[in-house]
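Notes follow once the structure below has been shown.
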Amino acid sequence: MSTLYKEDQHPSSSSTWKFILPSLIGALLFLVPVKFNDEITIGVGILASFLQSAFGDWIPAFVLVLLGVSAVFSLAATLLKPSFVEDSSFLRSLFITNLFGLIVRAVGFAVGLMAFYEVGPEAIMSRNTGGVVLYDLAPVLLTWFLFAGILLPLLVEFGLMEFIGAILNKIMRPLFTLPGRSSIDCMASWMGAAPVGVLVTMKQYDEGYYTKREAAVIATTFSVASVAFSLVIANVIGIGHLFLPFYLSVTAASIIAALIMPRIPPLSRKPDTYHEPVGKQIDDTIPEGVSLVKWGFNEARKKADKAGSVKLLASKGAHTVLDIWLGLIPLVMTLGTLAIIVAEYTPLFQIISYPLIPLLTLLGIPEASAAAPTLLVGFADMFLPAVLGAGIESELTKFVVAGISLTQLIYMSEIGILILRSNIPVKFYELVIIFVLRTIITLPVIVVFAHLFAG
């Protein structure tokens, strides 16, 4: 129901610049595409690339140190509970965990040691399993989340979400059943990296701006692969010369999936209630007689007025970074390596993909038996289908394999683990269902484009 607009709801005039300047910097860092080293990325991506270039050879060793700190300190803090940890909410949240957390951190450290020193079972320390996580995935997570975690307040604390949300609400609600502010999450993924989009969603849910259903939908439906990563996939599998129609097909399939997924289980059954510790912190009801732009601008200025001090925001950013470094990276090291081992060293994905062979044959996909496992192995890691599909001769089949890998979105080596570790109420079996449903929905779309442009 509409509410009457009251002039006394206006924030102070000084809040205008407090909204505009930080939000402009945040938009430039997270949302504006920039060409850098022949790739399309964002400002945060450039900072991460600089760090990787400057310290690339040292980053895996630093990751190993983080894994060791996480394992040893968590074990000591959880079992001994020293007073200096118990009395600090910051240290307590970083190091005191449950039995599963202790096991994951200990195993992650052990896997890191084996991969770094190349000792132990081949399946674990191989450059294609544990080495992929330690040398390829972990450095990206470490550098991206360092800058994303520290600079994220510029994007979400000074009113940009409120301004964009008000303007796009009437588009996002009927199309995707989501608030307008969710477009920011999607842009952060699309132009930067999917984990950054999930990080935005996690923070917005924790602070009471998304319901359980909205957060689950955004994290599993709008964490789209970036333009830069999509180009890498296309080149690895051998269809770089078809990138424009290829990325058009990925975009079209992702939009269709985004229209359908929120309206079917399991996402449609998530409650529209807010994170209990904070409750609802947003009112997107537009008052009568007020334009969307004026209302959004007013809400943005009010949000900027409430933004914390630089010291407080820096402290929150540091906590976010350390939480990911000490909590998420050990999880990725453990479960990511396990997922890749299953894909590389067991016939599991070949066996469960047998029913897909006649379907792919029916759809006119050459080399169906070689393509079938790649449609499922992406659940372990988004990069694996391109690696396995590179040996396929048919361009049409390569087009389908690469396209599906980018539209499935759920891969356990990174996004899946990030979601499961967050407060967003999505369980592992639901991620499996969402992965399968996205494959079913996007496959026909990608196949049509493949026949048009690569047939």
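One-based numbering along the chain as shown.
In case you wondered, yes, glycine gets a Cβ from its N, Cα and C as well.
Note that the structure is a prediction, hence the values are computed from the model and not measured.
According to TrEMBL, the transmembrane segment annotation covers 20-37, 58-79, 99-120, 132-156, 214-237, 243-261, 321-342, 348-365, 372-392, 398-420, 432-454. According to TrEMBL, the feature domain 'Nucleoside transporter/FeoB GTPase Gate' maps to 140-239.
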Helix, strand and coil totals (DSSP H, G, I; E, B; other) for the domain 'Nucleoside transporter/FeoB GTPase Gate' (140-239): 78 helix, 1 strand, 21 coil
Averaged pLDDT, computed only over the residues in the domain 'Nucleoside transporter/FeoB GTPase Gate' (140-239): 89
Beyond the flanks of the transmembrane segment (321-342) by at least 6 residues, Cβ under 8 Å: 63, 66-67, 69-71, 74, 93-95, 97, 101, 104-105, 107-109, 111-112, 115, 123-124, 128-130, 132-134, 137-138, 141-142, 145-146, 149-150, 348-349, 379-381, 384, 412-414, 417-418, 421
Contact between the transmembrane segment (243-261) and the transmembrane segment (398-420) (3 or more Cβ pairs under 8 Å, separation 6+): yes
For the transmembrane segment (20-37), sequence-distant contacts whose Cβ falls under 8 Å of one of its Cβ atoms, 6 or more beyond its ends: 43-46, 49, 148, 151-160, 163, 184, 187-188, 191-192, 196, 227, 300, 304, 307
For the transmembrane segment (372-392), distant same-chain residues with Cβ under 8 A (at least six beyond the ends): 132, 137, 225, 229, 233, 236-238, 336, 339-340, 342-343, 349-350, 352-354, 356-357, 360, 398, 401-402, 404-406, 408, 410-414, 416, 432, 435, 439, 443
